[in-house]
Each structure stands twice: as C-alpha cells, then as structure tokens.
Amino acid sequence: MENSILGIPTLPAFFSIFLLVYLFAYFVVFRNWGPKHRPEASSCLISLAHGSTAAIMSIYSILHSHKAPTFASPNDTFQNTVLEFSIAYFFLDLLHYLLFFPSDVLFILHHLATLYVFTTCRFLVHHGAYAILVLLFLAEITSGCQNVWTLASYRRADSPAAAKLYDFLSPRFYAFYSVFRGFLGPLFMFKLGLFYASGAADPKIPRWAWVSWMVVILIAIGLSILWVLNLWIHWYRNKVQKKER
C-alpha cells in the first residue's frame, strides 16, 4: 500500500522537500560561499535535515512497534515511511555528487549501496525494516554533530570562530562517532548476522536479500571505522606537533 502526505505519495513528497531545502541552502544560506564549499555546504544542510529527523523517526518506530518485532517482521506503515524518507534524501544527495563531484566514487558507491538496501527492503522484500531502522538510528544519531563539524571545517581557514568550534568538536565528535559506528554498529551486526544465519528469517527474507544487505552494511561499517581511525590519527599528530612548538 502506498503511503501519502495530503494525498501526495510520500517518496516524491519527501524528495521535493529535500530539494527545496537544498535549493534554499544553495541560493540563500550559502550564496556568498566559494564555488567548492557552496554545494558541499548545501549537501550538509540536507544531510542535517535528514539525519537528525531519521534518527528520531527510527527510534520512535523501534520503541512503538505494536507487536514484539523480530528482524524478519513485516514492515509496518510507519517503517515504510521512514525508509522512503531516507530513500528520498540519498537519491537527491546522489544527484548532488553526480552533478558537482562525479569523481568522488566512494561517496557515490556508498549512496548507491544504501539505496539498494533501503529500496529492496521497502519495495521488494517488505520485511526486515526493524533491523534496518536500528542500523539507520546508529548511523544517523551522529549526523547533527558531524554536519556542524563539517561546516566548521569549511570555514575554519577564514573564521577564527569556526576554527575554534572545529577544534572543540573534533575529539568529541570522533568519540561520539566511534561509540556508535565503531562499537554499537558492529555489535548489532553480529547479533543480526547470527539471526540470519540461523535460518530464522527464512522464507520471509530471501537469502539473496539478507546476504547482500549484510555485505553492503559490513563494508560501510568497515569504511566508517577506517575513516574515524584516520581522523583520530590526524588529531593526535596535530596535538603532538602543537606541544612541540
């Protein structure tokens, strides 16, 4: 059954909302920013609009399930709405990268892989959204902090206030990110993997679906861990260099 907002299907409605936010950011909020950071900052604003909202929607869905869910439970209406909300965001941000940064292959592949998981769960399998939304919460709970940190990084060379905010947020954001992406995410994936491997999801979630989901998500988590590890190393080196001066 198709979800709708005021009679408009939710997927195009959400896409339109994110597009309006992006255009507002590009032509109004960041109109005076340089040609490189202007589109990047606009992407950050829609990421901020998506991430914090998706985390709230996901945790609400998890905590207010009408029946005791399993990782193979049928998707309910609100879970499908959250999936479509995220599909709309990732599709628009994918277009952003294809238009402005077509050589950023890693982010493009990340968005395509994420869209694959969300769209197959929503439109083909119709089961398993409960587990996907737990992972969405773990991924997006750090979004607000990450996007503020990213925006500050774009302006720190020109703004002492932005540089100060960046330096303040860096270790706190890295720690926050490490807990959710580096510890809780892998822990949940281990539990989810045991569930799938036991056959408890059969036949509700086809083997091709859960195997491909696991591969995609494990690669994403691995890359996230490498990314934040590199940030920690860079932060530590800078701290040592400042002490030696």
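Each residue, glycine too, has its Cβ placed from N, Cα and C.
As given in TrEMBL:
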{"type": "TRANSMEM", "residues": "6-29", "note": "transmembrane segment"}
{"type": "DOMAIN", "residues": "36-245", "note": "domain 'TLC'"}
{"type": "TRANSMEM", "residues": "41-62", "note": "transmembrane segment"}
{"type": "TRANSMEM", "residues": "82-100", "note": "transmembrane segment"}
{"type": "TRANSMEM", "residues": "107-125", "note": "transmembrane segment"}
{"type": "TRANSMEM", "residues": "131-152", "note": "transmembrane segment"}
{"type": "TRANSMEM", "residues": "173-196", "note": "transmembrane segment"}
{"type": "TRANSMEM", "residues": "208-233", "note": "transmembrane segment"}
Original post:
Hey, which of 6-29, 41-62, 131-152, 208-233 has the most Cβ-Cβ pairs under 8 Å against the transmembrane segment (107-125)?
Top reply: 208-233
**OP:** Could you please provide the mean pLDDT value for the domain 'TLC' (36-245)?
**Re:** 95
Original post:
Sequence-remote contacts (6 or more beyond its ends) of the transmembrane segment (173-196), Cβ cut-off under 8 Å?
Top reply: 70-72, 131, 134-135, 138-139, 141-142, 145-146, 149, 205, 210-211, 214, 217-218, 221, 224-225, 228, 231-232, 235
